[in-house]
Amino acid sequence: MGKSNLEMKTSTITTKNKEDHSSLKGTLYFVLFVGSFILVSWFAVFFLYLSRI
Amino acid sequence: MRQSNVVIDYKYDNEPDISVDPRDGKLGMVHIHVAFVAFIIGVFGGLLQGLARGGMIQLPTWLGYYQILTAHGVLLALVFTTFIIYGFFFAGMSKTHGTFSSRLRKTGWVGFYIMLVGTLIATVLILLNEASVLYTFYVPLQGHWLFYAALALVIVGSWISAVALLTHYFKWKKANPDKPTPLFGFMTTATLILWMVAGLGVAATVLVQILPWALGLTSEVNVLLSRTLFWYFGHPLVYFWIMPAYMVWYLVVPKVIGGRLFSSSLARLAFVLFLLFSIPVGFHHQLMESGVTEFWKYVQTILTFVVVVPSLLTAFSIFATFEQTAREKGGKGVIGWIKTLPWGDVRFFAPFMGMIVFIPAGAGGIINASFQLNSVVHNTLWVVGHFHLTVGTTVLLTFFGMAYWLIPVLTGRRFTKHANRCGIVQTWLWVIGMFLMSGAMHILGLFGAPRRTAYATYGDHPQALQWFEGIFASHVTVAIGGVILTAAGVLMFYNFIHLAFLAPKGHTEFPMTPDPVDTPNTPAYLENWKLWIGIAVVLILFAYTIPIYEMIVNAPPGSPPFNFLIK
Ligand code: HEM
Ligand SMILES: [Cu+2]
């Protein structure tokens, strides 16, 4: 009885932890930021180019 | 399926910190000595250039701007990088693949001495103003023939050392036929194969075209062909710098933050892609050059954009490793977990700042490689700003971050708290100095300021005068940034002296991330070097055969030497 209780407890804790641990939300925002930075700087120079031809 | 990223594995936790055999350590360490001597001379060259260009000092008559510029480019971009990379490779291969046999170690010493002799001869000739041809040694500028012979020696020496390292790797592979090779060896091998294949181009132009011409045996030189062969080598050269830096990111930084790399296959794939796609792309440095048809420029531009992919893979891998590790250590929130990273540890902090700088650096690279945008920035100070971010900051800060532990490991000393503190200050100074210098260079470049020019107001042309007046977009800002960078450079040299000679004797950890859990499942084809070399050669032949054939058959008029232009 006691044993299975304990098991249950640890297993819920680990699932909870796991969900939090495996989140890559920060990485998602990071790559979105890198992508937009590339696009913005590329278009900035592209418009400079257009303004000079 | 999910695997822990934090090193909780018993086996790994108890893994003894195998130290590098002292005999191999000595071989690694001599490379680092040469690197830092070159570094400090190069840094003072940079300072003089920044001040001279900004009109803040006037160079003495016996010291030319282009003479210093050549020394600066050669010592920092070629000598510092190559030597510290080989030091890292010898140390790391000894640690991960076992002590070198005495025959291979001897081969490594032969390679080292040949590189050293070449470097010394080249440096002396530059200092004598006999080789002020800039670090790209573009013809038809002509330097002393001995300068080119010395460069050839450096290349040959590096090949000999590469053979020692590669033999060590393949011996391990043969002795362990069923196992995937350790990541360090895999990545070292990819980098060295790249270096050897790329070196063929520069060796060809130096030995077949430039040396006979500098010796007076031929009177004219095919400029277009020589530049093409140079850039066949010149672009992979930048990958030869960045791949070892990525090795620190993949293999050292995860260990320093107490985590583990999350995929072996992904890391190997990235390095294979670098090997395949970083050579057939040299034309992106020649987009504004006549004599190459737009079709071949287009083909190589496409291939250039392919080689962006492994860098993006790397950015993703590393950031994901940070996030997973931080979360397993209890980090919370979308971004709040970032607080759990070891900000006070320079072995992490310096490479991390290098990674951050790689965001604008990489974005700038994509701009450079886009044909129309290249016409905006080509040969302007923008380009100089760009590579001071890429090699001058991303790669250098990563190598500095590595030097803090590698030097004491190799000299049997302790990585002291003092060195760590100096390292954090050093990193900040370098980043701030570079922000000012490189930022101003980028903007000046967009306003048309050319690179590779001493102080000039172009007959007081209003546009040229503006380059000295802006608040940020000004040669003065470049010079101020240069002064801060020089302070940072001196501090780094002090750190080197401290760790190499003064720190107390003791043990320092060689932080090497254990191979990821998926290592045993690494697909065997990733280890098939014959296959990758074969594909690399096919791509090179595809991208270069027809254009080079045309350059030879329909050669432009040859050029006589010009050896007095910028002395
Ligand atoms: C103290 C730090 C540094 C300062 C103040 C500095 C400053 C400069 C300046 C003012 C120029 C030249 C501009 C021109 O006339 O085109 C230059 C060029 C250059 N720098 Fe630096 N730099 C520094 C560090 C570095 C580092 C660490 C590297 C590479 C690892 C590097 C590589 C180069 C190269 C390759 C050139 C181009 C040479 C050429 O055009 O032939 N610099 N630097
Ligand atoms: Cu390139």
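Placement of Cβ uses the backbone N, Cα and C atoms for every residue, glycine included.
Features as listed in TrEMBL:
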DOMAIN    B:26-501  domain 'Cytochrome oxidase subunit I profile'
TRANSMEM  B:32-52  transmembrane segment
TRANSMEM  B:64-89  transmembrane segment
TRANSMEM  B:110-128  transmembrane segment
TRANSMEM  B:182-210  transmembrane segment
TRANSMEM  B:230-253  transmembrane segment
TRANSMEM  B:265-283  transmembrane segment
TRANSMEM  B:295-322  transmembrane segment
TRANSMEM  B:348-367  transmembrane segment
TRANSMEM  B:387-407  transmembrane segment
TRANSMEM  B:428-450  transmembrane segment
TRANSMEM  B:470-497  transmembrane segment
TRANSMEM  B:531-549  transmembrane segment
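When pLDDT values are averaged over the domain 'Cytochrome oxidase subunit I profile' (B:26-501), the model yields 94. Highlighted: of the candidate stretches B:32-52, B:64-89, B:182-210, B:295-322, B:531-549, B:32-52 has the greatest count of Cβ pairs under 8 Å to the transmembrane segment (B:470-497). Sequence-distant contacts of the transmembrane segment (B:64-89) (same chain, six or more residues past either end, CB-CB distance under 8 Å): 28-32, 34-36, 38-39, 41-43, 45-46, 48-49, 52-53, 111-112, 115, 119, 122-123, 126-127, 129, 131-136, 154, 158, 161, 165, 188, 191-192, 240-241, 244, 247, 387, 391-392, 395, 399, 402-403, 406, 410, 452, 454-455, 566-567.
Contact check: the transmembrane segment (B:295-322) against the transmembrane segment (B:32-52) gives fewer than three Cβ pairs closer than 8 Å, residues 6 or more apart, which falls short of the contact criterion. Counting Cβ pairs under 8 Å that are 6 or more residues apart, the transmembrane segment (B:230-253) and the transmembrane segment (B:32-52) reach fewer than 3 and are not in contact. Ranked by the number of CB pairs under 8 Å to the transmembrane segment (B:531-549), the listed stretches B:182-210, B:265-283, B:348-367, B:387-407 are led by B:265-283. Counting Cβ pairs under 8 Å to the transmembrane segment (B:182-210), the stretch among B:265-283, B:348-367, B:387-407, B:428-450 with the most such contacts is B:265-283. Using a Cβ-Cβ cut-off under 8 Å and counting only residues 6 or more beyond its ends in the same chain, the transmembrane segment (B:387-407) has close neighbours at 28-29, 32, 76-77, 81, 84, 87-88, 91, 238, 241-242, 244-245, 248-249, 252, 346-351, 353-355, 357-358, 360-362, 364-365, 413, 415, 419-420, 423, 426-427, 430-431, 434, 437-438, 441, 492, 495-496, 499-500, 508-511.
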